[in-house]
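Some notes on the structure that comes next.
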Amino acid sequence: MSDAQAPPASTSWADMVDEDEKQKQEQNMSNQNDGWGETATETSAPAPPPASAPVSSSNNDGWGEPAPSAPADNGWADAGASNGGSGANNNDGWFDAPVPPSSQPPKKEASDIQLQDDTEGLITNTFQVEVKLADLQGDPNSPLYSVQSFKELNLHEDLMKGIIAAGFQKPSKIQEKALPLLLSNPPRNLIGQSQSGTGKTAAFTLNMLSRVDPTIPTPQAICIAPSRELARQIQEVVDQIGQFTQVGTFLAIPGSWSRNSRIDKQILIGTPGTLVDMLMRGSRILDPRMIRVLVLDEADELIAQQGLGEQTFRIKQLLPPNVQNVLFSATFNDDVQEFADRFAPEANKIFLRKEDITVDAIRQLYLECDSEDQKYEALSALYDCLVIGQSIVFCKRKVTADHIAERLISEGHAVASLHGDKLSQERDAILDGFRNGETKVLITTNVIARGIDIPAVNMVVNYDVPDLGPGGNGPDIETYIHRIGRTGRFGRKGCSVIFTHDYRSKSDVERIMNTLGKPMKKIDARSTTDIEQLEKALKLAMKGPA
């Protein structure tokens, strides 16, 4: 829809109370899925995954035993195996280091990990995944490049235990396509366009866990994240899925390691600067020749931060030339596309169709104010709603986040602020306190707008409308989608409120409604004399259907 098109009609908050009461009654009459998540029922007619016979290995405690029709055999001792893809048929000689057992993939089944999965929040379970193969003669619609269950992947039983323990029964849509490509042999690069909430973290996690040898105490896979918060969360996902394996993880972020200590874990997860520092120190810290997989998550966010893109390529240059490179990004403008093609050349590619990205699972409202001061007064009045579960309040500037937090605390409210200017240890403690429920309300900037998933969050407040920055025209709708995607996770109900206070912010909200094709309920802060009724409207919004 164009910007010139009239926005969807909004309703007053008073009307909203009556309407939501009706919706609540209607909801009680229906037991349907209503778009909140995929059912756990597995589909029939499994498609065979890419097959390359795994090479058996003696004395490898099961990690190298043959598994029929395995899509990956750890791929590193049998790099010349044929699997329909083009690529090097030799190991380029960098296996002068000890060669790990040849096969690590037996079975596995489950879906996403709880911390970064669920097809129920931002992304509905009806989106389509488009596959583009690096081998132009290959058929992307072939059953070889799709699975319907994790059992078809013949993953290691210890990985299967971890997935099942996490409570998942079937792959998400993107996992159905990504996992056969990631696990095939010889290993091929992969570029994926995927938002948080689609299962991509579990996908590249399973690939890393399948590629490393737990009997060799040195890093064999590296995952790069643009922030320490996301790196810590990815480590939690890897540890959860790999809990029954002997694979260890190491968090490579500032302050997490002694500069002269050798790393004896198989998977490194961290931020670019720290990873460069480790690799530059050479064999005293780790052996770069042993790295088999390099993963980059949230590439678009990383590119947006000055210097991180260059550091990422420095990491790539310090690794063997035939490392499997995997890149995921939520958006793919020209800069991201160019970066991705350089980072992962000759890659298989997976994309979500843009029109399939929806926000239907989240109840959206906007609160119309007259001034910045009235915005704060409205936020303070809403505090009782913010602590029904947990809430995140997004601001444009760090100073605004601190100012709001200080004022709310001075009024006796329990909140915390989080942004990039805080010390690393302080940021960790603040986010941990929010994760475990010690803090109910977090005032923050975009530092946790992407990828960070906390199940108890059921309200997001956009105190400031996200914009495109200097020289930009209009709202940053991608950031808005990522922000509100912090709520409504894992089948829970979610509510989003965005504040307006002047012509520009009101116009931006209209453009957001037009683009998303979804009306927002209007709350007029100027006429709010009965706070209880306003709270009732928001509470109903969080309980009722989106």
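Think of each number as a place in line: the chain as shown, counted from 1.
In case you wondered, yes, glycine gets a Cβ from its N, Cα and C as well.
Checking the ranges 119-147, 148-176, 235-263 against Swiss-Prot, the motif 'Q motif' annotation falls on 148-176. It is 297-300, from the ranges 65-68, 297-300, 533-536, that Swiss-Prot records as motif 'DEAD box'.
Long-range Cβ contacts of the motif 'DEAD box' (297-300) within its own chain (Cβ-Cβ under 8 Å, at least 6 residues beyond either end) map to 200-201, 204, 223-226, 230, 234, 327-333, 336, 339-340, 343, 450-451. In the predicted model, the motif 'DEAD box' (297-300) has a mean pLDDT of 91. Counting residues per DSSP class in helix, strand and coil order gives 2 helix, 0 strand, 2 coil for the motif 'DEAD box' (297-300).
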